[in-house]
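What follows is a short report on a single structure.
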């Protein structure tokens, strides 16, 4: 029997954290952060990390698990998220993954956990190679490899070819999770307004000081390449005015939100909800209750 879990996905600034906490309170859950930047200690404002008050409202996992000068990969996330899910379920609670890093979520949910002996850079390079092929070329590779998959589509073909190449046993690498993926969305202009407002609020909370500390101490770290920090470095070096740097930050965040939505729409099976709808979030809660009770209803 597969483990049921909830995923709250969507672009930045749509309220994923707030919904995740509400669902954790209603359904006896614990939250696993699915954000590539929130793993870093001392980076709180620019990563939009859950506040101490929010973390007190629901148990959070995979927040503050790396120092800012350490690297973090999709493989690290999958390995640690699997352990967190096992722990949460063992205590009779519901795992709720909250985040906007599409690669991390897809890697966990669709079985890209290929084992510690596999070079994840090789996996990603092979995935990039496959994505350059046409549908016909992909399906021909499936046929020539003798791989059997239940449903032929581009996403499943790429996944199957990866597993075939890097795993000794395709069946054993199948994901053991049954996710309900909640995608938060809204009118593009409203999302962009929320992003602009959020950046202004981050500045009020001390984003400049946080980014300056990172610039002074770890300017070459992986964590420093995240949106919210790198855009401010030209200001610190005197190459741009503060207004120019903040406008670039807002612009990059808006573009990132657009890429996030594209990823979730094209690469994952997501149930989308408009956050400005009068039915939200009750419609999410109702659908989730049905999903969680399906097993009992079948008995």
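Cβ coordinates are placed from backbone N, Cα and C, and glycine is handled just like the others.
In three-state terms derived from DSSP, residue 10 (ATP binding site) belongs to neither a helical nor a strand segment and is classed as coil. Within 10 Å of the Cβ of residue 10 (ATP binding site) there are 28 other Cβ atoms, across all protein chains. Annotation source Swiss-Prot lists ATP binding site at 10, 11, 12, 13, 14, 15, 16, 17, citing sequence analysis.
Marked as substrate binding site by Swiss-Prot on the basis of sequence analysis: 12, 13, 14, 15, 16, 17. Spatially close to residue 13 (ATP binding site) yet at least six residues away along the chain are 48, 191, 194, 195, 197, 198, 253, 257, judged by Cβ distances under 8 angstroms.
The feature region 'Interaction with substrate tRNA' is assigned by Swiss-Prot to 35-38, with sequence analysis given as support. Within its own chain, the region 'Interaction with substrate tRNA' (35-38) has Cβ neighbours under 8 Å at 46-50, 62-64, 72, 77, 98-101, 104, 223, 226, 228, counting only residues six or more beyond its boundaries.
Taking a C-beta cut-off of under 8 Å and a sequence gap of six or more, residue 101 (site 'Interaction with substrate tRNA') has these contacts in its own chain: 34, 35, 36, 77. DSSP classifies residue 101 (site 'Interaction with substrate tRNA') as coil under the three-state reduction. Sequence annotations record features per position, and here Swiss-Prot assigns site 'Interaction with substrate tRNA' to 101 (among others).
Sequence annotations record features per position, and here Swiss-Prot assigns site 'Interaction with substrate tRNA' to 127 (among others). Counting only residues at least six positions away in the same chain, the Cβ atoms of 158, 162 sit under 8 Å from the Cβ of residue 127 (site 'Interaction with substrate tRNA'). Reduced to three states, the DSSP call for residue 127 (site 'Interaction with substrate tRNA') is helix.
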Out of 12, 14, 17, give me whichever of these binding-site residues has the highest number of other Cβ atoms within 10 Å.
14
Counting other Cβ atoms within 10 Å of each residue's Cβ, which of the binding-site residues 11, 15 comes out lowest?
15
Excluding near sequence neighbours, so keeping only residues 6 or more apart in the same chain, what lies with its CB under 8 A of residue 16 (ATP binding site)?
8, 9, 10, 98, 99, 100, 184
